[in-house]
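Taken verbatim from TrEMBL:
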type	residues	note
REGION	1-29	region 'Disordered'
TRANSMEM	54-73	transmembrane segment
TRANSMEM	93-112	transmembrane segment
TRANSMEM	124-143	transmembrane segment
TRANSMEM	149-170	transmembrane segment
TRANSMEM	191-212	transmembrane segment
TRANSMEM	218-238	transmembrane segment
TRANSMEM	254-273	transmembrane segment
TRANSMEM	285-305	transmembrane segment
Amino acid sequence: MQNLNPNHLQKDDESEEPLTKPDPETPKQSYNHSAILQPFQWLQMLSTTLNPTFVLGVVLVYGLSQGLSGSFFKVVSDYYWKDIQKVQPSEVQLFIGLYYIPWVMKPIWGLLTDVFPVRGYRRRPYFVLAGVVGVVAALSVAAGGRLAVFVALTCLIGITAGVAIADVTIDACIARNSIEMRSLAADMQSLCGFCSSAGALVGYSISGFFVHHLGPQVSLGLLAIPPATLIVLGFVIYEPRTAEDVRVDKKNEFVGMIYAIGATASIVGVIIYHKALKDYPFRTLLFYAQLLYGISGMLDLIFILRWNLSLGIPDYFFVVLEECVSRIVSRIRWMPMMVLSSQLCPLGIEGTFFALLMCIDSLGGLSSKLGGGMVLHLLHVTRTDFKNLWLTVLIRNVLRFSTLMLIFLVPDGDPSEVLIPTNVLVKSSCKNVDEDESLLEMVPLNEKTEV
């Protein structure tokens, strides 16, 4: 029979109780343990999902190079100018402003990493470049003794240039990974911010110690260590080697960048003309400018026939080269024409005559577009058929050279000479005034009016 004794049931229940009671402190300890491990688990997740060498790159660039090195440099360089170079505070403020030059040039560094790969790599070579620049600059300051102020300033700017180039390069890697893995974009920025802040904390903390024991000049030499790690990073960071890694959107961006570079080259052309060519005779200058204009057109022919690849010159580099040469030559060719046109304007009708010259130039541009379209149509050059495009470019270049036969029509004087005799213009102007005055009949003063 079943034992219905309550005491027996109570004993059975007591026998089912655990032999040990749970420790009330165990959940709290487990929470603290997980809180300590959470950052490491987060880093492990990033390393596994992205790449360990990418995480290493963020730590080295943002933590060691930008955070620690940047804060260390800020303190030590002030002592260097004060104790070693003994310059005035106002000059130090000017020098500090010049430190930002490499950071202002960040678009240029970014352009180099995007457009000019080295042996198929877009990022790794620029980590190496940043490291080499930083190491050379830091060691030059440390081992150079009492350097001239200009040389010392150049070296310190070189240190900041190494940091800026590395910063742009790692940012490009971060942007690429953020596009491919959007869910981790915030995590990558958090990693960058944490490394930068932690590095700055360490850099500010140890800067005073090293300045006191080693001196500011030797302490600046220690800044060769962070860029040395960037050189190593350039060889170990993972980057797929590819010959063509530009998508359609990148190509569109590249086209806009080509025109931007061309605009910069146009400014260079203005400077060349103003500094070296503005006093040359019109006929001589325009002859050689037009000759260079025709020769520069041959670069298009080389590109169309793919001879640049036979010479080992990549397409993107050759296109940028052609755009720069074309813009510089066009500017040098255009500016003396404007000066000549302004000097040929007769007095009294300057606006009309100059507008007429510009109208002739516009008509020439319109006729060239219409003629070019007609030639393309006759040679059956279409959106998909470029077989005869080289012939079109060749015809264009021949026409450019043919205008040299008319160069004798350009005056041979230089900009300082008077091309149209002033007395002729003055006589013409005076004649017009006399004719206007003859139309007016004045009343003599000695003649009385009758009422």
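Placement of Cβ uses the backbone N, Cα and C atoms for every residue, glycine included.
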Suppose I define contact as three or more CB-CB distances under 8 A, residues 6 or more apart in sequence; do the transmembrane segment (191-212) and the transmembrane segment (54-73) meet it? yes
Would you kindly list the residues that approach the transmembrane segment (54-73) from elsewhere in its chain, counting only those six or more residues past its ends and only Cβ-Cβ distances under 8 Å? 43, 46-47, 127, 134, 156, 159-160, 162-163, 166-167, 169-170, 173-174, 177, 188, 191-192, 195-204, 206-207, 210, 219-220, 222-223, 226-227, 229-230, 233, 236-238
Hey, which of 93-112, 124-143, 218-238, 285-305 has the most Cβ-Cβ pairs under 8 Å against the transmembrane segment (149-170)? 124-143
Distal contacts, the transmembrane segment (218-238) - CB-CB under 8 A, six or more residues away: 51, 53-54, 56-57, 60-61, 64-65, 68-69, 72-73, 76-77, 79-80, 123-128, 130-135, 138-139, 141-143, 156, 159, 162, 166, 173, 207, 210-211
Please indicate, using numbers and ranges, the residues of the same chain that are 6 or more beyond the transmembrane segment (124-143) and have a C-beta under 8 Å from a C-beta there. 57, 65, 80, 109, 112-113, 117-118, 151-152, 155-159, 161-166, 168-170, 217-218, 220-224, 226-235, 237, 239
